[in-house]
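First comes the structure, then the notes that go with it.
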Amino acid sequence: ENISNFSLNVTDCTPVEVPEEVFFTVAAAGILENLLVLIAVVRNKNLHLPMYFFICSLAISDMLGSLYKTLENIFIILCKMGYLTRRGDFEKKLDDAMDSMFILSLLGSIFSLLAIAADRYITIFYALRYHNIMTPRRASVILAIIWTFCAGSSIAIALFSYEAATVIPFTILFPLMMFFILCLYVHMFLLARSHAKRIASLPTSTVHQRTNMKGAITLTIFLGVFLCCWAPFVLHILLARFCPHNPYCACYMSIFHVNGTLIMCNAIIDPLIFAFRSPELRSTFKKMFCCAR
């Protein structure tokens, strides 16, 4: 609130407001779509594979992001109506809980994308040993470690968000993990290109290679959508922490609600990518809707 008031005094940028109806509609759509993905994977035994376990992890992260923005918007409405205050102890605890949910969603998305990238890497270059390397049990252990770490980190960052020693590692983590995934992509595609030339003479391997590369391309789309939807909001956090009184920073922070809406749009786009790129998942959706009818 203080940053918004100051920005109005030093810039001519008017805060961009997003109607509450848009917030709730986009958030509800994101939650329902990702819930459908989870139900489809649970119901179809053919989808009980490590790759889909990691996709479910990403879907849960998207749901948490939509839920966070929904609860935040509800609390803002309650504050405007006078049912909540901005400085109370109860409100402070609610704010910490929502911050923790936001950080959990962000970290969960990052590490889920990293797990999917590693899974695609193993699928392409260790295809014959993939089922021995990445078993469902091992994938479950990886996800348990990821979410335990994310939950602990989100609580610690939310409680000590005013300490520079806490904020700086969090802000560095986002570009660092994105850079690591990008390097993994470049390495994966370069090796895949040379690998494809070597196995071009094997007719059975060609189809398998195309399938694996299709999975890599799907992951590339996931990463691009994630960057477009989350990067503006993470940049807002950085500017609010390190240059809140700069006129240019304040002008960028005037589109806070737009950046929040982009996070919820990510939760809508990801399930559409799942359905469009996965024939098995698309078939499961059709069976679910036909049974419902």
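Glycine residues also receive a Cβ, built from the backbone N, Cα and C atoms like all the rest.
Pulled from TrEMBL:
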type     : residues : note
DOMAIN   : 33-274   : domain 'G-protein coupled receptors family 1 profile'
TRANSMEM : 22-42    : transmembrane segment
TRANSMEM : 49-68    : transmembrane segment
TRANSMEM : 102-128  : transmembrane segment
TRANSMEM : 140-162  : transmembrane segment
TRANSMEM : 168-192  : transmembrane segment
TRANSMEM : 213-235  : transmembrane segment
TRANSMEM : 255-276  : transmembrane segment
Near the transmembrane segment (255-276), which residues from the same chain, at least 6 beyond its ends, have a CB less than 8 A from one of its CBs?
4, 15-18, 22-23, 26-27, 29-31, 33-34, 36-37, 55, 58-59, 62-63, 65-66, 69, 72, 109, 218, 221-222, 225-226, 228-230, 232-233, 236, 282, 285
Using a Cβ-Cβ cut-off of under 8 Å, list the residues of the same chain that are 6+ residues beyond the ends of the transmembrane segment (49-68) and lie near it.
26-28, 30-31, 34-35, 37-38, 41, 98, 101-102, 104-106, 108-109, 112-113, 115-116, 119-120, 123, 134-136, 138-140, 143, 146-147, 215, 222, 263-264, 266-267, 270-271, 274, 281
Mind checking which residues of the chain, 6+ beyond the ends of the transmembrane segment (140-162), have their Cβ under 8 Å from one of its Cβ atoms?
53-54, 57, 96-97, 99-101, 103-104, 107-108, 111-112, 115, 170
Compute the average pLDDT of the predicted model within the domain 'G-protein coupled receptors family 1 profile' (33-274).
79
